[in-house]
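What Swiss-Prot annotates here:
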{"type": "BINDING", "residues": "N28, L30, G55, E76, D101, N130", "note": "S-adenosyl-L-methionine binding site"}
Amino acid sequence: MDSVATPGRTLALVREKGLVPRKSRGQNFLVDANIVRKIARAAEVGPGDTVVEIGPGLGALTQELAARAGLVIAIEIDRELFAALEETLAGRDNVRLVAGDALKVDFDRLVAGILGTGEGRLPTYKVVANLPYYITTPILMHLLTSRFRIAELVLMVQAEVGYRMLARPGGKDYGALSVVVQYYTEPAVVLKVPRTVFYPRPEVDSLVLKLTCRTRPVVQVEDEDFFFRVVRAAFNQRRKTILNALGSLGFEKSKIMEALAGAGIDPRRRGETLGMEEFASISRTLQH
């Protein structure tokens, strides 16, 4: 089928299939072929690459990825969209459609099963996704903390979420999501995407980011789960000093004071001023 990345073709498909885009699932379809090409180029996809696409929608980006990649695995949760995808992607032998919830998918097992390799011999692969707001943080946590064999992710997210992922200590957008993303990856902006290139048109603009997965985290911690508990505690009550915010972890104040002193951190500082190494230092000292 011809490209669906045009307003006319997308609208025709929506009407033909009787589709009602669900706002609750962030179903805003990309209708600009130029943006589609830019996203695919950013992923640097070649004939030797396997790409997993989350939420392919009507298949606009899937079609472009399939023209470049060796294999595209597209995961779609919506049954009606899945049926439409079977038509828009017909004839593309290097595309595998998977009906399911990406939050519940073991990506390594899925890719290994389709490639016919054991998980121990699985090559790295890439992830491309247009993530709706409601699923951005949960899916990122699933993809990054599971330590799947992902080399890089190219994600389109709401602009405000993208800026949170990129934010540095002291900035208004800096938070727990910033720390998680930068702990596991090196994020970079690919392009800004105006709301006008979607149907239906969303209320906000989007940002495409490229997250290059680190071979090892940017800081060393003994217990990642505890490290992220410290991070979440620091940001859950942003107006509190780091001394008081960490009280939610259940430690005596004297223990927290000792940990902060050991890390060389003024207890009057607030969580949003702390860098990655400072959070790592706090988590290490609190555990001993």
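Note that Cβ sites are derived from N, Cα and C of the backbone, with glycine treated the same way.
Sorted by the number of other CB atoms within 10 A, the binding-site residues N28, N130 start with N28, the lowest.
DSSP classifies D101 (S-adenosyl-L-methionine binding site) as coil under the three-state reduction. Around the Cβ of D101 (S-adenosyl-L-methionine binding site), the same chain contributes I77, each under 8 angstroms and 6 or more positions distant in sequence. Reduced to three states, the DSSP call for N130 (S-adenosyl-L-methionine binding site) is strand.
Long-range Cβ proximity for L30 (S-adenosyl-L-methionine binding site), meaning a same-chain Cβ under 8 A and a gap of 6 or more residues, is found for A5, V36, G57, A60, L61, N130, V197, F198.
Neighbour list (G55 (S-adenosyl-L-methionine binding site), Cβ cut-off 8 Å, at least 6 residues apart, same chain): G26, I75, E76, I77, A102, A129, N130, L131, P132.
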